[in-house]
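J.: Quick paste from TrEMBL:
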type	residues	note
TRANSMEM	12-36	transmembrane segment
DOMAIN	19-160	domain 'EamA'
TRANSMEM	48-67	transmembrane segment
TRANSMEM	87-109	transmembrane segment
TRANSMEM	115-138	transmembrane segment
TRANSMEM	145-167	transmembrane segment
TRANSMEM	173-192	transmembrane segment
DOMAIN	174-306	domain 'EamA'
TRANSMEM	204-223	transmembrane segment
TRANSMEM	235-258	transmembrane segment
TRANSMEM	265-285	transmembrane segment
TRANSMEM	291-311	transmembrane segment
REGION	318-363	region 'Disordered'
COMPBIAS	342-363	compositional bias 'Low complexity'
Amino acid sequence: MSSRPTPASAGSATASLPALAAVVTVVLWASAFIGIRALGDTFSPGSMAFLRLLAAVIPLTLIVMVVRLRARTTGAPARPLLPRGRALALVTAYGVAWFAGYTVLLNWAERHLDAGTAALLVNLAPILVAVAAGLFLGEGFPRHLVIGMTIAFAGVVLIAAGGSATADAHADWLGIVLGVGAAVLYATGVLIQKSALRTVDALTATWLGAVAGLVATAPFAPVAVTELSGAEPGAIWAVIYLGVGPTAIAFSTWAYALARTDASAMAATTLVVPAIVIVLSWALLDELPTGVGIVGGLLCLGGVAIARRLLPMRPRTGRSARSLDVSSPTMTPSDIRRVSGTTATEETSPCASSSPASPSADR
């Protein structure tokens, strides 16, 4: 009797791969918050961002080389190495805002916030994207968005009032401002990236965005070298992990999953990240938000869910798949806003996919 898999079983296995990729993504992104918090006493915010991006750019460059070499051997049309004109400007801008600015602010915020609280605040990014779409893309402010914004704002106030349950992990107003600022840069990067992905494939956009972020954080390189010289081997490996795992690998698995599932459903998966962060923070760092802080975080997540009208995950097919392809020249502002709901909590950008599917943060 043949043990060859049937078409049905093969199809089932293929259908489960996007879900597996999504799980890998959220776990890696959650671990980034823990790593940043743990390294706060070893590396300053700017030098940590520079070292992380350096560790990410190296594998991303290798991925780009492999993909382009494979395309050349299969006879696929050759792509220019770099986009030009407006497309290059957009990619550079989103890289500076997202990979550089967001990362530095998040690193700084986690000097004042426990990892779980920081993750909860960054989850405001989807609402900020929707607000920007209402202001600049003519989408307006429907009732569900206003209600969600109000609930999420109440959550931020509770987080600020709740502080942290441990003496060493505190939540002060500077940390709150930095966390919200990180979410603003995150959302800004997402919106700029949406425009860039109309003419630039996802892999190239992410690779060049990371390179732009690395260049933007280069002024921190001398400090990074000094801090590296005094760092323990474990801390050095941890910052390398931040670049390779939550950045290079997680962006790859996110792009794979996003290209094969509904964008709003993928947004729902990112709401799991703060819960994972809180559990990991408690287990590894002995830190927890207070009860009031957790309630505030739940209000933030609930506000995001209401504002974005998140749906159950389902395979993306037919017209729905095409309408969410931000590389399409027929992409409408409404489509952009729908895809904007996929901002994630750590970084949510594709990288190792030649498909021009939209990314998410996170980051």
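Start at 1 and count along the chain as shown; that gives each residue its number.
Backbone N, Cα and C define each Cβ position, glycine as well.
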J.: With contact taken as 3 or more Cβ pairs under 8 angstroms (pairs 6 or more apart in sequence), are the transmembrane segment (12-36) and the transmembrane segment (204-223) in contact?
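T.: With fewer than 3 qualifying Cβ pairs, these stretches do not touch.
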J.: So, does the transmembrane segment (291-311) come close enough to the transmembrane segment (204-223) to give 3+ Cβ pairs below 8 Å, pairs being at least 6 apart in sequence?
T.: no
J.: Considering pairs 6 or more residues apart, do the transmembrane segment (235-258) and the transmembrane segment (87-109) have at least three CB pairs under 8 Å?
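T.: They are not in contact.
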J.: What else in the chain is close to the transmembrane segment (87-109), if you only count residues 6 or more beyond its ends and a Cβ gap under 8 Å?
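T.: Residues packing against the transmembrane segment (87-109) from afar: 36, 40, 43, 45-46, 48-49, 52-53, 118, 121-122, 175, 178-179, 181-182, 185-186, 188-190, 192-193, 195-196, 199-200, 204-205, 208-214, 216-217, 347, 349, 361-363.
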J.: So what's near the transmembrane segment (48-67) in sequence-distant terms, Cβ-Cβ under 8 Å and 6+ beyond its ends?
T.: 36, 39, 99-100, 103-104, 107, 203-204, 206-207, 210-211, 213-214, 217-218, 220-221, 224, 228, 239-244, 247-249, 252, 351-352, 354
